[in-house]
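As structure tokens, the structure follows; a few thoughts come after it.
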Amino acid sequence: MSAGDWRDRGRSALERLVRASAFERVLISTAALVLSMFVGVLIILAAGRMTTCTTAATTFFGVGFCYDPFAIYDSLFLGALGDPINPLFKPLQGEFAAPFRRGWTPLNSQMAVTLRETTILIFTGLGVAIAFRAGIFNIGMQGQLVVGALATALTVLWTSSLVSGLVGTLVLIPFGLAVGALAGGLFGAIPGALKAYADANEVITTIMLNFVATSVALFLVANPFKDPESPANETVGLPDFATIPSVLYEPRDNFSIIALGIALALVGASYYLLEHTSFGYDIRTSGIQPEAAEYGGVDAARTIVSSMTLSGAIGGVGGAMYVLMILGNYQTGVPSYGFDGITVSILAGNNPLGVGFAALLFGVLKSGSIIVDVSTDVPPQLVGVLRGLIILFVAMPEFFRMIGAKFVIESDEGQAVATDGGVVEDNGGGSDE
Amino acid sequence: MSNATLERTSDLSTRRLAGIAALVAAAVFVLWGLVAPASTPGRILRVMFTKSALSATLRLSVPIAFAALGGIFAEKSGVINIGLEGLLIISAFTGVYATDVTGDIWLGLLIGVVSSVLLAALFAVVCIEFRADQIIAGLAVWLIALGLAPFASQVIYGGPNTASVETFNTITIPGLAGIPFFGALFDASPMVYLMFVATVASWYTLNRTSFGRWVIASGENPKALDTAGVDVTRVRYAAVLISGLLAGIGGAALSLSLGQFVGNGQTMVNGKGFIAIVAYLFGNYNPVGALLSTFLFAGLDALQLRLQAAAIIAVPQSLVRTIPYVAVIVVLALFGKTRLPEAAGEHYESGEDR
């Protein structure tokens, strides 16, 4: 039997395995979401008891609460879409009217916020997912995003004096994205090389590099590259032609459907890369069975470095998008897109296609938290708590399996899923140490 | 086998060489400063060896050192606790809130510690009972606390920062406190003294008691421990709860030394839990080593503020803050692996119930 034959066999066995557990993964992610939302309800109720109000917003079991969890979730989820539901549309009470509120359009500005957050999260989520599939935990996504964003903001600013107009846009945007990819990729390659050649644990090095990136960026933006006319720590703003033009949405919404299109194309490309190319095959086998992969001729060190570089490059493009689409310059205090990217990836079971959906969910949560802040008394940090809970529950598939086993008697145990996209071995080994 | 020994000796000699180089550099620096007091090293030395610099170092060390000691227990037992930052945050908030409600700072400290132990217990259940990936669960602990503490502060105090409460009184030992420089050791908050006590107690527990041996065995070779008739799961639970206890003291001490919880951005904890991880890796899982590396990092921070104030060297704070992080990366790169306990990160299933 030839080596290629073995390889094909291995591949089909692997694919069967992934497909068999995909359904279970979706179930676990959904269950984790539902459970997080439920714990969120309890937290909102508890918070409502701890604060004081003149009239109770809602009453359960004869006890009044200051916050109504359902109203909060209504603002959170529907508010993020710009309140699409017609108030007269109550199918549960038998009142049927047009389901959408009159005057609602999917092009509203809150929707733009939701989609622009989704766009950035797709990049960071994909970056984390690719590293994860190679068995590497890239907690450094935030740093890679920051480095990509700063590099893009500076280089595009310097080169924007050379060109202008439509030509400027056509040249500078791809150039800016490429710079972001390069900078983020190089920054991601550092922990990759340290892991591959010095056996340094990537969890430690990436956490450390996050702090290094943020602090050095703060120094650069507060000193040599500071906009002298601004009181804040930020770089000089880019000219309009050097930012991604808005299509369909208002320019003030800072969202471009083109950017979302690029993000979605990258989702497809990552899926194709992982599932249908030999490099993707190397990544996946290294993630599931590093020893076997090496035995099968995969250069482990090279796979680690290249997958971390790719992961960082995608995060860097996310940072470039953040600068070119949302900010128009670099400012300190970059939102935690990188850490949210980890949540997105874990929720998606590290599947690129799942990343699209998970990113949309987190885009909704981030955008909805603004509505919660404005229209209710509940602190918007609630979304931060929900994010932590979602990760916690997704991290414990065993919990749901135990609950599931109580209700369903399964004849076949099926293959257990690990949160890192691999498969649980007998000793449950999740981490690769 | 012989290969491994060889590698170990060569590793040791690189380590030793680096240590000697660092010592020589420090000696040259000190000599230069002593010979020429007007030179930059001389002025730095004068700022460095002041009582206020040492007492600032000790104050800044408290949360990091406690979290690091906690991290050692958890990781030695085989559970990597990356959620130390979260434990610090939750106890920092609860400590202030409980002090505010009860009016007693020691009761506040106790309740703060309890909140951290509870969160650590949740982490332990998730990791040990439900076999969650320890890194991801630790991350979740951090993110939950990072959301929950400012959330609760907003609900209770109407803003991310809490009201101000009383702080710990310093305990001054008469006579000894008057000694130049070292007097800071005898004129400090009770938490500073407790930090020294906790370090010694941790070292003793890990190295001289049978519980300590169980913790180490549960991280290195859980199967052997199981065979010897000790319940690995219980040892790991105990170790993680101890990490919650110690980190809880650190977090509550941090906020109660300021008398307020600050919940903006990364909160007042601001990465101290992660520095703690660096500190115990640097100290090679030895409590005393972890304390010394904590002093090193906290001392750098304290020194930097003073150098800036005295306008000797204007190293920007943002760059000085990166030194511990860069240092740990360099050390990891040069000396390779900090050797994690053999079974760290792995779930252990006792053979009996399978």
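Backbone N, Cα and C define each Cβ position, glycine as well.
These features come from TrEMBL:
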| type | residues | note |
| --- | --- | --- |
| TRANSMEM | A:26-47 | transmembrane segment |
| TRANSMEM | A:120-139 | transmembrane segment |
| TRANSMEM | A:145-163 | transmembrane segment |
| TRANSMEM | A:170-191 | transmembrane segment |
| TRANSMEM | A:203-222 | transmembrane segment |
| TRANSMEM | A:255-274 | transmembrane segment |
| TRANSMEM | A:304-327 | transmembrane segment |
| TRANSMEM | A:339-362 | transmembrane segment |
| TRANSMEM | A:382-400 | transmembrane segment |
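Listed as Cβ neighbours of the transmembrane segment (A:170-191) (distance under 8 Å, sequence separation of 6 or more from its ends, same chain) are residues 127, 131, 138, 140, 143-145, 147-152, 155-156, 159-160, 163, 200, 202, 205-206, 209, 213, 241-242, 244, 262, 305, 308-321, 323-324. Below 8 angstroms of C-beta separation, residues 24, 27-29, 31-33, 35-37, 39-40, 43-44, 72, 76, 340, 342-343, 346-347, 362, 365-366, 368-369, 372, 416-419, 424, 428 of the same chain, each at least six residues beyond the ends of the transmembrane segment (A:382-400), sit close to that stretch.
Beyond the transmembrane segment (A:304-327), the same-chain residues lying 6 or more positions past its ends with a Cβ under 8 Å from any Cβ of the stretch are 116, 119-120, 122-124, 126-128, 130-131, 133-134, 136, 138, 140-141, 144-153, 156, 173, 176-177, 179-189, 191-193, 195-196, 202, 238, 242-244, 254-256, 259, 262-263, 266, 270, 279, 283, 286, 334, 337-338, 341. Remote same-chain residues near the transmembrane segment (A:255-274) are listed as 112-113, 115-116, 118-119, 122-123, 126, 129-130, 133, 177, 244-249, 280, 283-284, 314, 317, 321, 325-326, 351-353, 355-356 (criterion: CB distance under 8 Å, separation of at least six residues from the stretch ends). Same-chain neighbours of the transmembrane segment (A:203-222): 137-140, 142-144, 146-147, 150, 187, 190-191, 194-195, 233-235, 330-332, 334, 338, 431, counting only residues six or more beyond its ends whose CB sits under 8 Å from a CB of the stretch.
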